[in-house]
Amino acid sequence: MSQATKRKHVVKEVLGEHIVPSDQQQIVRVLRTPGNNLHEVETAQGQRFLVSMPSKYRKNIWIKRGDFLIVDPIEEGEKVKAEISFVLCKDHVRSLQKEGFWPEAFSEVAEKHNNRNRQTQPELPAEPQLSGEESSSEDDSDLFVNTNRRQYHESEEESEEEEAA
């Protein structure tokens, strides 16, 4: 299987399925990533340990601090005590909360995480359009603005001076 095909299947699996943790599995929150595909996590009871990322997720799915995971315990592990079995996105968290499988200790953290995502995504005001009127090509208000670039504003006075010279 090619790398692109593998990535497609892994992303489809992570985004599509809504799973429920089994008796052995735990829902944990990522605290930090020390490296080597290891992540330090915290359980709902406050226990901290390292989890490993399986090879199918490596370079396909990215995990950041504050994300939630479902992990399978590893019996023989001293430092690394579990392996990631599923990465939870916002939709998965909401469905687990509705079904009653979400730990109470993570309820406040999940709400803050969802609210923070809502605040960082700017909402564009909807422009009412008349039925016979098309949007003009001169109106650029709906275009994406790259905030990482400086905005240069040229005044009319400067442009007139350049034309005269």
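Just so you know, glycine gets a Cβ as well, placed from its N, Cα and C.
As given in Swiss-Prot:
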DOMAIN    5-89  domain 'S1-like'
MOTIF     6-12  motif 'Nuclear localization signal'
MOD_RES   Thr33  phosphothreonine
MOTIF     56-65  motif 'Nuclear localization signal'
REGION    112-165  region 'Disordered'
MOD_RES   Ser131  phosphoserine
MOD_RES   Ser135  phosphoserine
MOD_RES   Ser136  phosphoserine
MOD_RES   Ser137  phosphoserine
COMPBIAS  155-165  compositional bias 'Acidic residues'
MOD_RES   Ser155  phosphoserine
MOD_RES   Ser159  phosphoserine
Q.
As a quick check of your reading of DSSP, tell me how many residues in the motif 'Nuclear localization signal' (56-65) are helical, how many are strand and how many are coil.
A. 0 helix, 0 strand, 10 coil
Q.
I'd like the per-state residue tally for the domain 'S1-like' (5-89) from DSSP, helix first, then strand, then coil.
A. 12 helix, 35 strand, 38 coil
Q. In this predicted model, what is the average pLDDT of the motif 'Nuclear localization signal' (6-12)?
A. 77
